[in-house]
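Below: the structure, in structure tokens.
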Amino acid sequence: MQSGGRQAEAPGRGPRVLVVGGGIAGLGAAQRLCRHPAFSHLRVLEATARAGGRIRSEHSFGGVVEVGAHWIHGPSQGNPVFQLAAKYGLLGEKALSEENQLIETGGHVGLPSVSYASSGVSVSLELVAEMASLFYSLIDQTREFLQAAETTPPSVGEYLKEKIRQHMAGWTEDEETKKLKLAILKNLFNVECCVSGTHSMDLVALAPFGEYTVLPGLDCTFPEGYQGLTDCIMASLPKDVMVFDKPVKTIHWNGSFREASAPGETFPVLVECEDGDCFPAHHVVVTVPLGFFKKHLDTFFEPPLPTEKVEAIRKIGFGTNNKIFLEFEEPFWEPDCQHIQVVWEDMSPLEDTAPELQDAWFKKLIGFWVLPPFQASHVLCGFIAGLESEFMETLSDEDVLRSLTQVLRRVTGNPQLPAPRSMLRSCWHSAPYTRGSYSYVAVGSSGDDMDRLAQPLPSDGKGAQLQVLFAGEATHRTFYSTTHGALLSGWREADRLMTLWDPQAQWPEPRL
């Protein structure tokens, strides 16, 4: 294999472009490129048998459940996922209403309908609201550190704990109530771990935390499943663009590769697949999850990535947030119940204890969201993040179901509560092409690392020598961890290529 690579030319035919990964970033890039006549030589290489990546809707329990992405966060006109979903007719009337689009949530999770304590009693919702108000006011205060070069303490978790200790000095209740307040706050810490996709808020950097941008709009779901969005994008692509069950082994770049069907032409990139197939290209857009990068950093690129990009991949955080769906024949909750909180009275955010994975992994579960009732079943969706979530993946379905049945019987104070009829769960950490859920800015990293991850290669590339481009939620500095961040990143790299090959190109969608 020769190195150096001449400037790629494809007179009259346009460049050959490969997209690695068929998630929302890869599909968004492909859809945008396919609308331009210069990009007729385009393939999307998807490792699995389905498109969508971390968008994964499954028909189960007599309805559709979201094993992956759940909500459109900030469904309003500034959100491209909302725009596309509205254009394709995939949203309900309430989500489309102007009133819903104008609601400012601050990105905070709403209050529960009911809160159960581990002693089997209901927790006062007034007390829950008081603690939520304190917690989210402190979360909002973290934005004050956005421009700080250095912060003490360095993490969001340590900052929150420091402030909570200060507030505790003014608490006048009895010791039991103070303990319950701390237990509620511990639940809210765990909620924030799910939101951030991290094991602990002590791992999340304080200074850049406020750089994440919250869009207006009350989070909404897709009545027929999030995958309807990726299905619609897929339907707009030429039929030969998607190549399924084609995991990539190594991306060879900065070379000079030839192909028998194109004599006399050289390509700077060669994508080698696990099955031995090789695809030469002028450009490759890599959209694989950061968790996959971390796992395969030493073998996925040849030559290896520049040190600066390797360091960015290592420093940016990438954690696990899983869901556990429980199906019941009859609901034990009230008809208007939307969210059940679970509070463990022996837990406190101020106590740094090693996770008790074997015996208490379920204590990290934040509670359950009530899904709209299906035809013949009633379903709860629980969320759990971090090492406990990853440990849960190693257990059998029977073990998980048994543990959660015991939890529900304990917190409701009803030892006769019927066990769930069935269960479904996500296992994103053990998914080989994902290795987790989504990214966060970890202690020791910053938004600059996400920008470094997004930079194409070679870094000094001029003209059509631009070879390897990067997209995916972890490459978006302000919308990381979201589907709209992923989609925008795919559009960004498509625009980069269109500008390269046709500087006068008219953009088919607003460049948000």
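The backbone N, Cα and C atoms fix where each Cβ goes, glycine too.
Note that this is a predicted model, so its numbers are computed, not measured.
Feature annotation from Swiss-Prot assigns FAD binding site to Ala25, Glu46, Arg54, His70, Trp71, Val248, Glu473, Thr482, Thr483; the stated evidence is similarity to another entry. A sphere of 10 angstroms centred on the C-beta of Arg54 (FAD binding site) encloses 23 other C-beta atoms.
Among the features that Swiss-Prot reports, substrate binding site is placed at His73, Val195, Asn321. Non-local neighbourhood of Val195 (substrate binding site): Gly107, Val109, each in the same chain, at least six residues away, with C-beta under 8 Å from its C-beta. Under the three-state DSSP scheme, Val195 (substrate binding site) falls in the helix class.
Residues annotated as N-acetylmethionine in Swiss-Prot: Met1.
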Q.
Check the DSSP secondary structure of Glu473 (FAD binding site), expressed as helix, strand or coil.
A. helix
Q | Which listed residue (Asn321, Thr483) has most other Cβ within 10 Å, given these are binding-site residues | A | Thr483
Q.
Give me the CA-CA distance between Trp71 (FAD binding site) and Asn321 (substrate binding site), in Å, as a whole number.
A. 14
Q | Under 8 Å by Cβ from His73 (substrate binding site), counting only residues of that chain that are 6 or more apart | A | Asn79, Gly107, Val214, Leu215, Asp219, Thr482, Thr483, His484
Q. Does anything in the same chain, at least 6 positions from Ala25 (FAD binding site), have a Cβ under 8 Å from its Cβ, and if so what?
A. Gly53, Thr287, Ala471, Gly472, Glu473, Ala486, Leu487, Ser489, Gly490
(Q) Let me make sure I understand the span of the FAD site: among Ala25, Glu46, Arg54, His70, Trp71, Val248, Glu473, Thr482, Thr483, what is the greatest distance between any two Cα atoms, in Å? (A) 30
Q) What is the biggest Cα to Cα gap, in Å, among His73, Val195, Asn321, the residues listed as binding substrate? A) 16
(Q) I'm trying to understand the geometry here, so how far is the Cα atom of Asn321 (substrate binding site) from the Cα atom of Arg54 (FAD binding site), in Å to the nearest whole number? (A) 12
